[in-house]
Amino acid sequence: SDHRHRHRHSCSSKSASGGDAVSESGKESGGVALKKEIGLVSACGIIVGNIIGSGIFVSPKGVMENASSVGLALIVWIVTGIITAIGALCYAELGVTIPKSGGDYAYVKDIFGGLAGFLRLWIAVLVIYPTNQAVIALTFSNYVLHVRWATRVQDIFTAGKLLALALIIIMGIVQICKGEYYWLEPANAFEPFQEYDVGLIALAFLQGSFAYGGWNFLNYVTEELVDPYVNLPRAIFISIPLVTFVYVFANIAYVTAMSPQELLASNAVAVTFGEKLLGVMSWIMPISVALSTFGGVNGSLFTSSRLFFAGAREGHLPSLLAMIHVKRCTPIPALLFTCLSTLLMLCTSDMYTLINYVGFINYLFYGVTVAGQIVLRIKQPDMHRPIRISLAWPVIYLLFWAFLLIFSLYSEPVVCGLGMAIMLTGVPVYFLGVYWDNKPACFNTFVAKMTYLGQKFCVVVYPGETKGGEEAGSGEECEQLKESRAPLSQEDGETQKSADC
């Protein structure tokens with residue numbers, strides 16, 4: 001709904017300052033605002049934690065199968081890491097030029113307009129995040145209480161998964177020292193076990209890109225970064241090379257213990273690796289995979305709720321999702337919505353098919369976002385850019401993604417076509433739900449009542465709301481919120497009491 005009905009509830013100064021740093025605008029006015037408490041270490045934890053999930057334990061098989069040789073598979077991992085770093089550089093410029101939570105959704109919407117942004121949000125709401133958060137219940141309670149709790153959980157599990165991968169790499173080094181590097185010798189590494197095919201190579205890159213997925217998630221929480229102009233690029237420069245190093249050497253370790261045929265025959269590469277080298281201690285690997293998946297889901301929950309929050313704030317999702325808790329300053333309605341959509345996806349019999357459908361579209365929007373960087377340079381060349389990279393980088397990125405998407409579509413036309421179809425279902429939804437202003441009065445009344453009930457249930461208000469109804473902060477965004485306010489509810493005093501408690 002495009003009607004962001006709001007009730008002017010306040011938050012006591014004690015609640016607003018509750019021991020943690022709040023954003024400057026919120027602090028000065030005593031209002032409720034998203035807190036800036038994600039530092040450099042936690043920012044690196046979010047990127048690494050979101051990238052290193054189940055992918056490194058699953059994708060090696062898909063990369064090897066499509067690359068057709070050990071040597072080319074390793075090249076795929078290296079090149080994908082480099083391309084990911086280039087994409088992250090492009091997103092870093094966009095992240096500090098358009099410093100809004102919501103990541104590529106916010107950038108696409110601002111550059112290409114509401115429909116393009118809505119389609120990015122639509123596909124994320126419908127498929128991407130629900131399928132990535134199939135075990136959302138395990139992490140829900142860890143985040144819903146406090147922002148800092150979620151980042152601490154993310155830091156702990158990121159460290160755990162890196163230790164697990166360090167164990168794999170160390171065992172690989174031991175294997176090399178023993179002379180077990182047959183498949184790493186140039187004469188053997190590029191010996192194909194099937195004919196090379198450019199379409200299959202594109203699918204190998206797509207599989208590798210799945211393992212690197214999540215590199216852009218820090219851009220979803222830009223508003224909560226401490227000193228984002230400094231910490232956003234620093235976190236990227238630290239995290240992406242670290243992940244690339246870990247991925248390449250983990251794959252080197254795999255082939256020191258397994259032949260390509262053994263790797264392709266395994267549905268759990270790390271478990272097979274552990275069984276061959278760890279003996280009675282092989283149980284460590286399944287636990288490591290569980291740790292890695294847990295950390296990935298926690299990070300995905302943390303950032304996806306911010307995407308829905310950003311979408312609601314722009315009127316592309318129900319207005320309730322744009323509100324935050326009056327004391328904890330977390331987007332409780334957006335989190336609940338994310339959890340419910342995930343539970344619905346758990347009813348689907350084959351989530352892997354849905355992931356395949358949406359993978360193509362997800363990477364398509366990466367390219368659209370990077371293309372938007374070039375468009376923005378042309379349309380607004382004098383715009384303030386704290387980070388300004390050479391246009392050669394987005395051009396290189398777009399050339400790679402054009403290759404990837406064209407040949408992926410050639411190799412898997414049905415899967416990619418269904419992904420496009422899912423995305424295009426958002427077009428009529430946008431025109432009926434967002435673009436259409438003159439909706440029936442009964443519909444608007446119903447939405448207003450449901451929004452008010454949701455506010456009472458979750459004890460939430462809009463960010464920046466203060467006593468007396470003044471807006472914390474200023475600028476175009478605040479003006480847009482003021483223009484869309486509804487009259488106060490007669491029960492406003494009751495919720496005021498809840499907000500002050």
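In case you wondered, yes, glycine gets a Cβ from its N, Cα and C as well.
Taken from TrEMBL, the feature compositional bias 'Basic residues' covers 1-11.
Annotation comment: TrEMBL describes 1-25 (among others) as region 'Disordered'.
According to TrEMBL, the feature region 'Disordered' maps to 468-501 (among others).
For 38-58 (among others), the entry in TrEMBL reads transmembrane segment.
Nonlocal intrachain contacts for the transmembrane segment (70-94), taken as residues 6+ away from its ends with a CB within less than 8 angstroms of a stretch CB, comprise 60, 63-64, 103-104, 107, 183-184, 186, 188-191, 196, 201, 204-205, 208-209, 211-212, 215-216, 219, 232-233, 236, 240-241, 243-244, 247-248, 251-252, 255, 260, 366, 369-370, 372-373, 376, 385, 387-389, 393-394, 396-397, 400. Residues or ranges marked as transmembrane segment in TrEMBL: 70-94 (among others).
Through the fold, the transmembrane segment (162-184) approaches residues 48, 52, 56, 70, 246, 249-250, 252-257, 259-260, 270, 273, 277-278, 284-285, 288-289, 291-292 of its own chain, all at least 6 residues removed from its boundaries and within a Cβ separation under 8 Å. Feature annotation from TrEMBL assigns transmembrane segment to 162-184 (among others).
What TrEMBL records for 196-215 (among others) is transmembrane segment.
The transmembrane segment feature in TrEMBL is assigned to 236-257 (among others).
Residues or ranges marked as transmembrane segment in TrEMBL: 277-297 (among others).
Marked as transmembrane segment by TrEMBL: 360-378 (among others). Residues 87, 90-91, 93-94, 97, 104, 107-108, 111-112, 116, 120, 123, 128, 206, 209, 213, 216, 391, 394-395, 397-398, 401-402, 404-405, 408-409, 412, 415-416, 419-420, 422-423 of the same chain lie 6+ residues outside the transmembrane segment (360-378) yet bring a C-beta within less than 8 angstroms of a C-beta in it.
Taken from TrEMBL, the feature transmembrane segment covers 390-411 (among others).
Look at TrEMBL and you will find 417-436 (among others) tagged as transmembrane segment.
Against the transmembrane segment (236-257), stretch 38-58 has more CB pairs under 8 A than any other of 38-58, 196-215, 390-411, 417-436.
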